[in-house]
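Input: a single structure, listed below in structure tokens.
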Amino acid sequence: MVGYAVGLGNVWRFPYLTYNNGGGAFLIPYVIMLALAGLPLFFLECSMGQFSSLGPVSVWRILPLFQGVGITMVLISLFVTIYYNVIIAYSLYYLFASFQRELPWSKCSISWADGNCSRSPFVTHCNVSISINEIFQANKSWVDANNLTCINGSEVYQTGQLPSEQYWNKVALQRSSGLDETGVIVWYLALCLLLAWLIVGAALFKGIKSSGKVVYFTALFPYVVLLILVIRGATLEGASKGISYYIGAQSNFAKLKDAEVWKDAATQIFYSLSVAWGGLVALSSYNKFNNNCYSDAIVVCVTNCLTSVFAGFAIFSILGHMAHISGKEVTQVVKSGFDLAFIAYPEALAQLPGGPFWSVLFFFMLLTLGLDSQFASIETITTTIQDLFPKVMKKMRAPITLGCCLVLFFLGLICVTQAGIYWVNLIDHFCAGWGILIAAILEIIGVVWIYGGNRFIDDIEMMIGAKRWIFWLWWRTCWFVITPILLMSILIWSVIQFRRPKYGQIPYPNWGVALGWCMITFCIIWIPVMAIINIIQAKGNIFQRIATCCRPAANWGPYLEKHRGERYENMSDSKKETNHEISNISDSRKPE
């Protein structure tokens, strides 16, 4: 779960949001949103999965009317896994490119750089004098071609594109002019994507048993690299300038008056902890029934957020160094999260002694950070398949898992064309946004307001033991009032503030925006569809049918009979609410 929660977003999205929202001042709303939104939802999902030993779709036996919420979560995870592995492929490409005596983006190469490639501003025009009385402005290239000299102080400068920026766009991506120009598949990125899926498939072919062991390395190794990078970054000239902006006097606390900062803090916590993606329910479903899911939630959430803060020291020391050597302010160094990971950081690494070594470390860290999150996302999909078809999954787990990886690889090929980065940005903008917020809002409303918050607390106490009322005071306050209101506010604010997506300064065409809306509609349409299907299948008049769908299914409860107690002693094992009998769940899924 730590590997799932701690991912690529901790290393580039959090530092960039901190960078863009006042530096250290951003940590205040970040921590507040962790307490009010992230932790309550995390605890709720862990408890649901562990209590029932079911995945994100089947767990909605708790409230059949909302079964579509689980389908929405899985579909969004499916879309995200497609482009997330493309980002891992980028990391693989840069990792392989780093195994050279000199990093290929360390200087402007004749083979791919143009006249704008420069680490420092260059002269584009200047005033020249042909005769005593004749002074005029001319293009610098014309001045040089005619062996003339610029008049001192008349030079007009233009900021050049860094070698790492041109390398990213022209070599790594071979980026086209926009979404309309698909171009060809970039063959080396396609091979890196295939390798990424092979690694994922190899780690998951035995399910949670194999991936759980692999994650011991992929979840822990990034901390070793981050520690090395923090120590190295602290020794760089100008590092103190970046750290000062991060947690020191240069932090802009006036930004706290801006509502956008609070919205960014909430969404970062929300996405960083991976709540409402279905993965937390899937992973928790493999826990023993009496596992302390409360302490799990606290440990994972705190670890995730401390990792983000710790990664910030590594990133901002590098940004301070870049600001120092370029003569810019820290706030002027990068423009986006992708720029931070694949332009700013490679640029800084290229200028360090032993640059290839530091570059290999950095991109291997990105690789391991991305892989363990990807493992959990695929596990969400396979767990759903297992719940729906337990007998088939028990016999054919490896072929089905590898088949899923193969299909997702082919779906991801559009993201490694010359227009691939536009597709990655489009899917991320739509699928990882409103759909997740809608699913989270309905999840907390369904469990707390319809199923019953107090009844759900009784379920949790069956697992972790009875607690005093004071223990539950904070969780009740968040679940019943604060968290749903906060999430609704974020959703409404996001819709009101909607802007057409663009990559850099390149806007998306109308058909691209329409396709984005179609993707998110396809994900959330299952919420009303499944509600209608379940109501139709129920018995009685319309009101009786709705009432039936708003009650737990007959087979809702703990998986093992010994854990059911008096509250669930009449639980039915035979009623099919999710296309299979609970007693048929494969042995590999049994919690004990």
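Note that the numbers count up from 1, one per residue, in the order the chain is shown.
Backbone N, Cα and C define each Cβ position, glycine as well.
If you draw a 10 Å sphere around the CB of VAL6 (Na(+) binding site), it holds 28 other CB atoms from the protein chains shown. Per TrEMBL, Na(+) binding site is recorded for GLY3, ALA5, VAL6, ASN10, SER272, ASN304, LEU369, ASP372, SER373.
The transmembrane segment annotation in TrEMBL covers 24-44 (among others).
Outside the transmembrane segment (65-96) by six or more residues, the chain places 8, 55-59, 172, 188-189, 192-193, 195-197, 200, 276-279, 281, 342, 346, 359-360, 363-364, 366-367, 370-371, 373-374, 377-378, 380-381, 384, 408-409, 411-412, 415-416, 420, 423-424, 427-428, 431-432, 435-436, 438-439, 442-443, 446, 450, 519, 522-524, 526-531, 534-535, 546, 549-550, 578 with a CB less than 8 A from a CB of the stretch. According to TrEMBL, the feature transmembrane segment maps to 65-96 (among others).
According to TrEMBL, the disulfide bond annotation covers CYS108-CYS117. Long-range Cβ neighbours of CYS108 (disulfide bond) (same chain, at least 6 residues apart, Cβ-Cβ under 8 Å): CYS117, SER118, PRO163, GLN166.
Taken from TrEMBL, the feature transmembrane segment covers 185-205 (among others).
The annotation transmembrane segment is assigned in TrEMBL to 214-234 (among others).
Within the same chain, residues 1, 4-5, 7, 9-10, 13-14, 30, 33-34, 37-38, 41-42, 45-50, 52-56, 59, 70, 73-74, 76-77, 80, 208, 293, 296, 300-301, 304-305, 308, 373, 376-377, 379-380, 383-384, 432, 436-437, 439-440, 443, 490, 589, 591 sit at least 6 positions outside the transmembrane segment (269-286) and bring their C-beta atoms closer than 8 Å to a C-beta of that stretch. Among the features that TrEMBL reports, transmembrane segment is placed at 269-286 (among others).
If one looks beyond the transmembrane segment (298-319) by at least 6 residues along the same chain, the residues whose Cβ comes under 8 Å of a Cβ in the stretch are 1-2, 5-6, 10-12, 14-15, 18-19, 27, 30-31, 34, 38-39, 42, 223, 226, 229-230, 233-234, 236, 239, 242-243, 245-246, 269, 272-273, 330, 333-334, 340, 344-345, 348-349. Marked as transmembrane segment by TrEMBL: 298-319 (among others).
If one looks beyond the transmembrane segment (357-378) by at least 6 residues along the same chain, the residues whose Cβ comes under 8 Å of a Cβ in the stretch are 1, 3-8, 10-11, 77, 80-81, 84-85, 87-88, 91-92, 94-95, 98-99, 103, 196, 199-200, 203-204, 211, 214-215, 217-219, 221-222, 225-226, 228-229, 232, 274, 277, 279, 282-283, 341, 345-346, 349-350, 401, 404-405. Feature annotation from TrEMBL assigns transmembrane segment to 357-378 (among others).
The feature transmembrane segment is assigned by TrEMBL to 399-421 (among others).
Marked as transmembrane segment by TrEMBL: 433-452 (among others).
As annotated by TrEMBL, transmembrane segment applies to 473-494 (among others).
According to TrEMBL, the transmembrane segment annotation covers 514-536 (among others). Residues 64-69, 71-72, 75-76, 79, 426-427, 429-431, 433-435, 438-439, 442, 501, 508, 542, 545-546, 549 of the same chain lie 6 or more positions beyond the ends of the transmembrane segment (514-536) yet place their CB under 8 Å from a CB of it.
According to TrEMBL, the feature compositional bias 'Basic and acidic residues' maps to 568-580.
For 568-592, the entry in TrEMBL reads region 'Disordered'.
When each of 214-234, 399-421, 433-452 is checked for Cβ pairs under 8 Å to the transmembrane segment (185-205), 399-421 comes out on top.
For the transmembrane segment (433-452), same-chain residues at least 6 beyond its ends with a Cβ under 8 Å from one of its own Cβ atoms are 40-41, 44-45, 48, 62-63, 65-66, 69, 72-73, 76, 270-271, 275-277, 479-480, 483-484, 487-488, 490-491, 494-495, 520, 523-524, 527, 550, 552.
Take the mean position of the Cβ atoms of GLY3, ALA5, VAL6, ASN10, SER272, ASN304, LEU369, ASP372, SER373, the recorded Na(+) site; other residues of that chain with a Cβ within 8 Å of it are VAL2, TYR4, GLY7, LEU8, GLY9, ALA219, SER274, THR307. Fewest Cβ neighbours within 10 Å among the binding-site residues SER272, SER373: that distinction goes to SER272.
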